[in-house]
Amino acid sequence: MDVPGVNTTSANTTFSPGTSTLCVRDYKITQVLFPLLYTVLFFAGLITNSLAMRIFFQIRSKSNFIIFLKNTVISDLLMILTFPFKILSDAKLGAGPLRTLVCQVTSVTFYFTMYISISFLGLITIDRYLKTTRPFKTSSPSNLLGAKILSVVIWAFMFLISLPNMILTNRRPKDKDVTKCSFLKSEFGLVWHEIVNYICQVIFWINFLIVIVCYSLITKELYRSYVRTRGSAKVPKKKVNVKVFIIIAVFFICFVPFHFARIPYTLSQTRAVFDCSAENTLFYVKESTLWLTSLNACLDPFIYFFLCKSFRNSLTSMLRCSNSTSTSGTNKKKGQEGGEPSEETPM
């Protein structure tokens, strides 16, 4: 997989893959600006996702929706834990062994968790579509078991295709300042790197289509419902539309730009198909869009809040507990077990 932000052979130069052409690159932006941006994401994401994990693991896994959300929280938190290594490496604050660790472990983990999050977002979208068309259907034990098995399969599949990227990053750097991860990969490691890139592209575009198709159908269904009931003035149309566009906005902002830039950038790392100027441009585009994918870990908690009643009620209960311990037991029970007809909102 691509390696986030680790791309130099020395302070300001690199060699094009397969050639001995020296390519000068200005790293001031990646050494100063991006470490600051990732530091902001790290603290914001660590706080919000730790809180989200605490809340979700107080909620019983009584629906496919909750199961998928819990997996997303774990994935986001793992991604966030890779940020400090990237920050130190990009800012040139770590020694050579740290940069090798980034190439071999933490950058691979970053992409591993990214595509797990994308996969579960696709499953959540399908679940929301089914919930909209069949709002009163509850999850049976067999459905819950199927959701758990599917979750394990996703984690196992991504781990199996990611592990070789760690193992095949096994060349010793000739220079202590070498941080371009492609130089640390074996010949087959470069081939596998490219193969996994295309696999991940397929994963993304499948889930992209799922999000577009399902939410188009959801919007159509909600509009029909609105037309049927608009006389009663009970349908919060504007609120529902906001919920629809939260998912689409997050997907477009965080993931689409990076996946348009990823294939040409990977080719620039593994093949001599671009000149120096193009390689530098692709590098800056990749770094910028990669930061947007990292932003997803901070935006997902907002999705949990708007889509999941159990999460929203538990958060409200937790906030009330900070002001009044006398009502904590009642609020917690309401948040987790709820007397509402559904534990989550359809959208």
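Quick reminder: no glycine exception, Cβ is built from N, Cα and C everywhere.
Given the structure is predicted, the values throughout are model-derived calculations rather than measurements.
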From Asn12, Asn323, name the one Swiss-Prot lists as N-linked glycosylation site. Asn12
Same side of the membrane for Leu145 and Leu190, as recorded in Swiss-Prot? no
Going by Swiss-Prot, which one of Cys254, Cys276, Cys298, Cys308 is joined to Cys23 by a disulfide bond? Cys276
Going by Swiss-Prot, which one of Cys103, Cys298, Cys308 is joined to Cys181 by a disulfide bond? Cys103
Please list, for the topological domain 'Cytoplasmic' (57-67), how many residues fall into helix, strand and coil according to DSSP. 4 helix, 0 strand, 7 coil
If I take the alpha carbons of Cys103 (disulfide bond) and Cys23 (disulfide bond), what is the distance between them in whole Å? 21
What is the Cβ neighbour count of Cys103 (disulfide bond) at a 10 Å cut-off, with all protein chains included? 25
Counting only residues 6+ away from its ends, which parts of the chain sit with a Cβ under 8 Å from the transmembrane segment (192-213)? 1-2, 111, 115, 118-119, 121-122, 125-126, 161-162, 164-165, 168, 182, 185, 247-248, 251, 255-256, 259, 262-263, 266, 269-270
